[in-house]
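Undergrad: Quick one: the structure is below, questions incoming.
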Amino acid sequence: MNKENHSLIAEFILTGFTYHPKLKTVLFVVFFAIYLITMVGNIGLVALIYIEQRLHTPMYIFLGNLVLMDSCCSSAITPKMLENFFSEDKRITLYECMAQFYFLCLAETTDCFLLAAMAYDCYVAICNPLQYHTMMSKTLCIQMTAGAYLAGNLHPMIEVEFLLRLTFCGSHQINHFFCDVLPLYRLSCINPYINELVLFILAGSIQIFTIVLVSYFYILFTIFTMKSKEGRGKALSTCASHFLSVSIFCDSLLFMYARPGAVNEGDKDIPVAIFYTLVIPLLNPFIYSLRNKEVINIMKKIMKKRKFCHILKQMSSPLAT
């Protein structure tokens, strides 16, 4: 009973990156800039997809939800991390810790299923272009998006339930910049073997599902059997950004959680954690936008309209006086 009470009132200390004053300032500026660019890029892309009627297609609906989840991932971690750079009180309660991990896990798992939906969309567009509108209807698109969020919620609920069964003791210092499961397992007074097994099974199965090997095989096979070089190039450019995003995201998560012995490696997983929680959400809007002619053309038109409106205002202001 004492152990249970102890675990319920537990507080942790997030040690973060470093206590060196000069390095702390540099890191704060770097991570604040990353967070700012991430939020502007992701929310800007969501707004563009929402406003522009031409982007109301399955691919962009999935993309809009993907970058929205990237914003959620970044917002779950970065504000607390930035606060801890200069705050003397680096404590975080057990429930705050669980909430932080829940929203991170929700965002990452939903991302996995959204990437899988985008893989299917890419497969239909390349392999069955004539049946695209039949196979990728709006109803199916909404169902797949809703399914991604439902599945995304299920995974963190299971993980948090198993985490709350653990009893934490010792220094309560989490040698990390956020509440991740692996550092929490290291602080457990009891053997977290069951938790590790559940994490390995869930993380492994989600990644295998997400990669959608069969879809990629058919996509690549169809592309390389195309007779037209122009058609092959167009097909590759359509799915290249998705291939890049999936490979970076899935490889980092598999390396982080699905490899044996990950719990016993101490703070060696921090660089990988920085990459998939902060860098990938920063890169995604640029990966999908800069390689997409449709998005670039729409952005150019919006910029031209803004310039035109600004010129009209300048011309009308002398007339008004």
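Placement of Cβ uses the backbone N, Cα and C atoms for every residue, glycine included.
As annotated by Swiss-Prot, disulfide bond applies to Cys97-Cys179, with the evidence given as sequence analysis. Per Swiss-Prot, the feature N-linked glycosylation site maps to Asn5. Look at Swiss-Prot and you will find 1-25, 78-97, 165-196, 257-269 tagged as topological domain 'Extracellular'. Among the features that Swiss-Prot reports, topological domain 'Cytoplasmic' is placed at 47-56, 119-143, 218-235, 291-321. Swiss-Prot lists 26-46, 57-77, 98-118, 144-164, 197-217, 236-256, 270-290 with the feature transmembrane segment.
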Undergrad: Taking 26-46, 57-77, 144-164, 270-290 as candidates, which has the most Cβ pairs under 8 Å with the transmembrane segment (236-256)?
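TA: The stretch with the most close Cβ contacts to the transmembrane segment (236-256) is 270-290.
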Undergrad: Of the listed stretches 26-46, 57-77, 144-164, 270-290, which one has the most C-beta pairs under 8 A with the transmembrane segment (98-118)?
TA: 144-164
Undergrad: If you average per-residue pLDDT over the topological domain 'Cytoplasmic' (47-56), what number do you get?
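TA: Overall, the topological domain 'Cytoplasmic' (47-56) comes to a mean pLDDT of 86.
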Undergrad: For a quick check of packing: other C-beta atoms within 10 Å of the C-beta of Cys97 (disulfide bond), how many?
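TA: I count 23 other Cβ atoms within 10 Å of it.
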Undergrad: What does DSSP call Cys179 (disulfide bond) in the simple three-state scheme?
TA: coil
Undergrad: Is the topological domain 'Extracellular' (78-97) packed against any residues at least 6 beyond its ends, judged by a Cβ distance under 8 Å, and which are they?
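TA: Contacts of the topological domain 'Extracellular' (78-97) (Cβ under 8 Å, skipping residues fewer than 6 from its ends): 7-16, 24, 27-28, 31-32, 34-35, 168, 174, 177-179, 184, 278.
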Undergrad: Determine the Cβ neighbour count for Cys179 (disulfide bond): the number of other Cβ atoms within 10 Å of its Cβ.
TA: 24
Undergrad: Six or more residues beyond either end and a Cβ under 8 Å away: which residues meet both conditions relative to the topological domain 'Cytoplasmic' (218-235)?
TA: 122-123, 126-127
